[in-house]
Every structure is written in structure tokens, then in C-alpha cells.
Amino acid sequence: MGLEKSFILFSLLVLVLGWVQPSLGRKPSVQDFKRQHMDPGSSPNSRPTYCNQMMKRRGMTKGSCKRVNTFLHESWAKVQAICSQRQMTRKTSSKKNCHKSSSPLHITECRLKGSSKYPKCDYTTTNSQKHIIIACEGNPLVPVHLDARV
């Protein structure tokens, strides 16, 4: 009887690990980058509800409120071309896969308001033009992470 219970528990453990493991060490992808940061069809505007709408629409308020996010109002070709700029070290690690834009880009920064709590995620919307630093991976190189706005 003890051996049978052990086998059942082991089988459940293998099943759960097989289900959870792929998301644990998941590398950032170009699809994630596009979903979280690209909004080429719109120009920066002063609508104060832009961030609230976009953060929800792009799935960044499911389960918790993402604290900060940046939307890029440029073409994918222009953003991808940044990957051909000079390499630099990533701000958040020692990886040297980052590249800085040669010119400022039109962006919208979304910041969670201090009093805001899940599930009512409320953001401030700030439009500006800034250089960005992105991490690029693959062959050809494509953006996978927005590292900084400078």
C-alpha cells in the first residue's frame, strides 16, 4: 500500500512539474516585447486614460498591477534597427546584449499611482521623447526587453 501511494504522489509531482516548469525559466520573447511595449499605430496623446486602457488591454493588470511600463509609438522596423547599434552592458545584469537608440523615440510612460491597488490599477500617463535601451537576442537580433529610458 505504501509503494502505491508513493507512486501516485510521484506521478502527480511529475505532472505538476511538467506543467509549471516551462514558464519558470522562460526567456523573454519578441512576442512579449511587442505585446508589452509596441503601439506603433497611435501617436502619443494627452488622454489621461491611455495607460489604464492599454495596460488592461495588453494583459498587464491580470493578477497584479504592473508598476511601470513604456509604450513605443514607432514602427517595428525603427525599434528593431536599434539592435544594430553599439552593444552595451545591461542595467539589470552583466549581459552585454543591450543597444541604445541613436535618436529619441516617441514614448508613453505608464506609472502606477501610489494609492492604486489591484484589482483597480490606476496609472499616470506621461508622453515624451527619450532614448531607449533595449536587450536584443537571436539571429537576426530582435528586441526582447526594454531595459531603460534615458
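Including glycine, each Cβ sits where the backbone N, Cα and C put it.
Feature annotation from Swiss-Prot assigns signal peptide to 1-25. The substrate binding site annotation in Swiss-Prot covers Arg35, Lys66, Arg67, Val68, Asn69, Thr70, Lys91, Arg111 and rests on similarity to another entry. Here Swiss-Prot flags His37 as active site, proton acceptor, drawing on similarity to another entry. As annotated by Swiss-Prot, disulfide bond applies to Cys51-Cys110, Cys65-Cys121, Cys83-Cys136, with the evidence given as similarity to another entry. According to Swiss-Prot, the feature active site, proton donor maps to His145.
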- prompt: For Cys65 (disulfide bond), what is the secondary structure by DSSP, using just helix, strand and coil?
  reply: coil
- line: Nearest by Cα to Asn69 (substrate binding site), of the recorded positions Cys51, Cys83, Cys121, Cys136, His145, is Cys51
- request: Report the nearest neighbour of Thr70 (substrate binding site) in space among the recorded positions Cys83, Cys110, Cys121, His145, comparing Cα positions.
  value: Cys110
- line: Same-chain residues at least 6 apart in sequence with Cβ under 8 Å of the Cβ of Arg67 (substrate binding site), in sequence order, are Arg111, Leu112
Task: Could you state the whole-number distance in Å separating the C-alpha atoms of Arg35 (substrate binding site) and the residue listed as 'active site, proton donor'?
output: 11
- request: In whole Å, note down how far the CA of Cys83 (disulfide bond) lies from the CA of Cys65 (disulfide bond).
  value: 29
Statement: Across the disulfide-bonded residues (Cys51, Cys121), the Cβ with the fewest other Cβ atoms inside 10 Å is that of Cys121
Nearest-integer angstrom distance between the alpha carbons (Cα) of Val68 (substrate binding site) and Cys110 (disulfide bond): 6
Task: Please report how many Å separate the Cα atom of Cys110 (disulfide bond) from that of the residue listed as 'active site, proton donor', as a whole number.
output: 16
